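Database features, via TrEMBL:
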DOMAIN    A:40-558  domain 'Cytochrome oxidase subunit I profile'
TRANSMEM  A:62-82  transmembrane segment
TRANSMEM  A:102-127  transmembrane segment
TRANSMEM  A:189-210  transmembrane segment
TRANSMEM  A:230-255  transmembrane segment
TRANSMEM  A:275-298  transmembrane segment
TRANSMEM  A:310-332  transmembrane segment
TRANSMEM  A:344-368  transmembrane segment
TRANSMEM  A:380-404  transmembrane segment
TRANSMEM  A:416-440  transmembrane segment
TRANSMEM  A:452-474  transmembrane segment
TRANSMEM  A:494-519  transmembrane segment
TRANSMEM  A:595-628  transmembrane segment
Amino acid sequence: MLYNVENFASHFFVLGDPLIYGADVSIVLVSLAIVFVLTYYKKWGWLWREWLTTVDHKKIGIMYMIAALLMLFRGGVDAILMRTQLIMPNMPFLKAQHYNEIFTTHGTIMILFMAMPFIFAMMNIAVPLQIGARDVAFPYLNAISFWLFFFAAMLLNLSFVIGGSPDAGWTSYAPLAGLTFDKGPGENYYLLALQITGIGSMATGINFFVTIMKMRAPGMTLMRMPLFTWSILAACIIIIFAFPPLTAALTLLLMDRLAGAHFFTIFDGGNPMMYVNMFWMWGHPEVYIVVLPAFGVFSEVVATFSKKRTFGYASMVASLIAIAVISFFTWVHHFFTMGAGPGVNSFFAVATMIIAIPTGVKVFNWLFTMYQGRIRTKLPMLWAIAFIPNFAIGGASGVMLAVAPADYQFHNSYFLVAHFHQVLIGGVVFGMLAGMYYWWPKMFGFMLNERLGRIAFWFFNIGFYVCFLPQYWLGWMGMTRRIYTYLPGMGWTFWNIISTFGAYLMGVGFVFIVLQILYSIRYGERDLTGDPWDGRTLEWSLPSPVPHYNFARIPEVTGRDAWWTMKEAKQKGEMQPELEPLKPIHMPNDSGRPFILSVLFFIFGFGMVFTWYPMAAVAFIGILLSLILRSFEYDTDHTLSVDEIRRTEAAYGRV
Amino acid sequence: MMQKRTGTYTLIAALCATLFLLPGCGEQVLVFHPVGPVGQVEKQMIILSIVMVSIVVIPVIALLWVIVVRYRDTPDNPTPYRPEWSESRTLEFLWWAVPIVIIGVLGFVTVQKTFALVRPPGKVINPLTIQVTSLDWKWLFQYPGQKIATVNYCEIPANRPIEFVLTSNAPMNSFWVPQLGGQEYTMPGMAMKLWLEADQPGVYFGSGANFSGEGFSHMHFHVIARPQSDFDHWVQRIKSTAPPLTTQQYAVLAQRTIVQPMSFSTNQPGLFEKIVSQDGGMYMRRDLMKGKVNTHVGTD
Ligand code: HEM
Ligand SMILES: [Cu+2]
Ligand SMILES: [Cu+2]
């Protein structure tokens, strides 16, 4: 009996590794600290009422952002561990299995649990405000999306200490990820966590698509929308079409693993290449899902901080749409080397190169937005400026990878690793940081310290080049990705040392960002104007932080850069339109159900990971019940009285 | 002041350049030191693509530099400020057109070379066939013509096209010998062709390029190219000294282990085909029946 318990425990908990014990201890300590603080300051009720049950897009956005930063930290620690292991040949720091788990979780977390929530954060925070709406189309669904993502992230992170992490790469190719070659629960964690967060992403895609199509303020035609909103519209369209293949691929692989099916096994007629195709049918569009919103942020930031209209607005919109469409016709470039034949390879090579054209056009339009403007290098603009050379080089190496015969030499090498980090960090991470700095005063009502932010910027930026430029070179020297160790005598050591050093610099940069936030929470300057950057779009017409109903009066939009136009009219002393009287506002009720529903999904996922079907079944019934209960809920919204609105507005000194 | 700064930048640039050129400018940058026609074509494509993308990248970085320096928001900035200027047909035409031309040229050459590389390099004068199987975690090379086999190294005659036929009896991997040419996947149930050739004798680094589990990092091997006569000698030597590749021996090899290089005086006729057909080779039955395996165009 005792032996059985012991045996179970040693498989359930991951034992025998100091790093994991460290993680165990820190998880327990952090959880205890959180519980203690919440109890000591009597904040449980506040947490539940203000955050866990909220359906307010602004608060959901903030929660997405905090979660994304935490995951950036987790993924960053993974990265530092890996780079430390690679600093020298034959490093005895990480074992193969451990390294494999770390690059798998690093990649999965960075893409699905860092980049995705970060773009969801920005779109939640800014899109309704930019189009003059009071919330998203489906606020309750929005909360469900967030909590599904959150608990899926928890599920994946749990794998590190319970059961073991997935270890077949973030792509999780069959047959390596199938049962024959990968027995443990790790891959199940991957499949279920992605599936659960995928439901949330799909819902967000639909939600914001409808929001943008249906909830724009009067006068805001599509061609007057801010470019950030346009980029989100494009990203949502991609989400809606790209996630179904992923869902199908994950489901089929899960059936292979749990139910003995043979979709992707190498025996009994399975076809692993089918998985590879389905994965990348989602996987390639996915990179545009995360990078288009970053483009959108840059468009806003560049125009605002150059005090100039965006150059070539129509081209900018056209290129977003073009990229969104073409992104569905390039997936085979991830496996030119699987011998699909010259015809197929040629088609996908050329399609991939074509994407570079609209992307290049965007870069020139940003440059000419700055040209003959007045550039203020505040933090958001600093990241936008740094993005341009970074993305130019990353995009160029992308075109090089698209040249199929050249790709035979680049594929699976460090050249590829350098390329995708350059576009993912230089594009997505820079973009999201720019967005965070840009909208931070809008979210919280105070400014972030510039000095600490600049230090962080330089560490991160220089660190980036030091870390990743040598990797292009390493790729040419024959170093393949996903190796945990290498031999001396290949000439790789020197460049690996430099690269690791760069990773440490980026780590220091991240620490400064955290310091900056902590410092500014205490000492940050208040933003009393609501428009600290002299903005151009409607969110800057509102006070910071924005009241929960957003607009006391829905604005009338007369042109592009709506807020800029209004400010100019006022300055010229033009007649201001009579203010309409305030009207009561309809608002959705808060609800605890999205949170509970997602906890149930978590339990369901956990049960499936360990094939404890009774547990999964109970949770599943719970999920169904809570969905049914929701359909019989009639009291779902409330009305704010004119009085209440007037009082709130007065507190901001408006009215 | 300006003078001094330019000086510093030049210095930094020079330093960076030397840093990049110092260690490993030589032979160690394998992709740029191909020793065969396939690697050569690929190197040309890489250089062509670098040149083509530079046409855009360098002006972008230069423009950014100039613009950011010139149009700063300082009170006494004398440069023009045109906050409403946001359209220019000519300019926009220019930067739609230039990339289109660049991509047009690059795309055209890419298609040409993509088709060229599935054919054997040069004239096929009695090519040598080597059947490659990636196992967990080692490489098995079988020589159907010479009736020998090796593990984790292979010898080839120089100046003769080699037809590598690739499969896997384990998770997918990828067969990559950078100096001979680019890689191709080894996939269970499929037999894929990769033409390579070495122009000169030498020892070339090769490795598995696609992650295949715990022992993946140790899946490197050497390809040793020798003059034809030396190659023939080597074959004779293996035949007379090495042990045979028995069924049991193969079963041992198929286990999940990391091993040193090995040689076998026999191969197993039919073993390669058996591996392919047992691991889902139904997709290739037609080719297998014709007695020759082919790239599986159109079968996925
Ligand atoms: C902060 C600095 C970062 C460093 C130093 C870093 C470092 C690394 C390293 C060492 C690997 C493993 C390479 C290998 O062994 O093949 C890796 C893989 C990867 N990284 Fe990062 N990374 C960073 C940030 C990011 C970000 C921000 C993203 C995405 C938004 C990202 C996405 C990925 C992906 C998708 C993989 C591939 C995982 C796989 O092979 O399955 N990384 N990174
Ligand atoms: Cu792609
Ligand atoms: Cu195949």
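Using N, Cα and C of the backbone, Cβ positions are placed for all residues, glycine too.
TrEMBL labels come from automatic prediction, so no person has curated them.
Between the transmembrane segment (A:275-298) and the transmembrane segment (A:416-440) there are 3 or more Cβ pairs closer than 8 Å, counting only residues 6 or more apart in sequence, so the two stretches are in contact.
The average pLDDT the prediction assigns to the domain 'Cytochrome oxidase subunit I profile' (A:40-558) is 93.
Within its own chain, the transmembrane segment (A:189-210) is flanked in space by residues 104, 108, 112-113, 116, 120, 123, 127, 136-138, 141-142, 144-149, 151-153, 155-156, 158-159, 163, 165-166, 168, 172, 177, 232-233, 235-240, 243, 246-247, 250-251, 253-254, 257, 601-602, 605, 608-609, which lie at least six positions past its ends and keep a Cβ under 8 Å from the stretch.
Counting only same-chain residues 6+ beyond the ends of the transmembrane segment (A:62-82), those with a CB under 8 A from a CB of the stretch are 19, 51, 93-94, 99, 102-103, 105-106, 109-110, 113-115, 117-118, 120-122, 124-125, 146, 149-150, 153, 157, 429, 432, 436, 443-444, 503-504, 506-507, 510. Proximity of distant same-chain residues to the transmembrane segment (A:494-519), defined by a Cβ-Cβ separation under 8 Å and at least 6 residues beyond the stretch ends, is recorded for 72-73, 76, 79-80, 83-84, 86-88, 433, 448-449, 452-453, 455-468, 470-471, 473-474, 477, 486.
Sequence-distant residue pairs (6 or more apart) of the transmembrane segment (A:452-474) and the transmembrane segment (A:595-628) include fewer than 3 whose Cβ atoms are under 8 Å, leaving the two stretches without contact. Here the transmembrane segment (A:595-628) has Cβ contacts under 8 Å with residues 52-53, 143-144, 147-148, 150-152, 154-155, 158-159, 163, 185, 188-189, 192-193, 195-196, 254, 258 of the same chain, all six or more residues outside its ends. Cβ atoms under 8 Å from those of the transmembrane segment (A:380-404) belong to residues 294, 297-298, 301-302, 304-305, 333, 336, 345-346, 348-349, 352-353, 356, 359-360, 363, 366-367, 410-411, 415-416, 418-419, 422-423, 425-427, 430-431, 433-435, 437-438, 454, 457, 461, 464, 472, 533 of the same chain, restricted to positions at least 6 beyond its ends.
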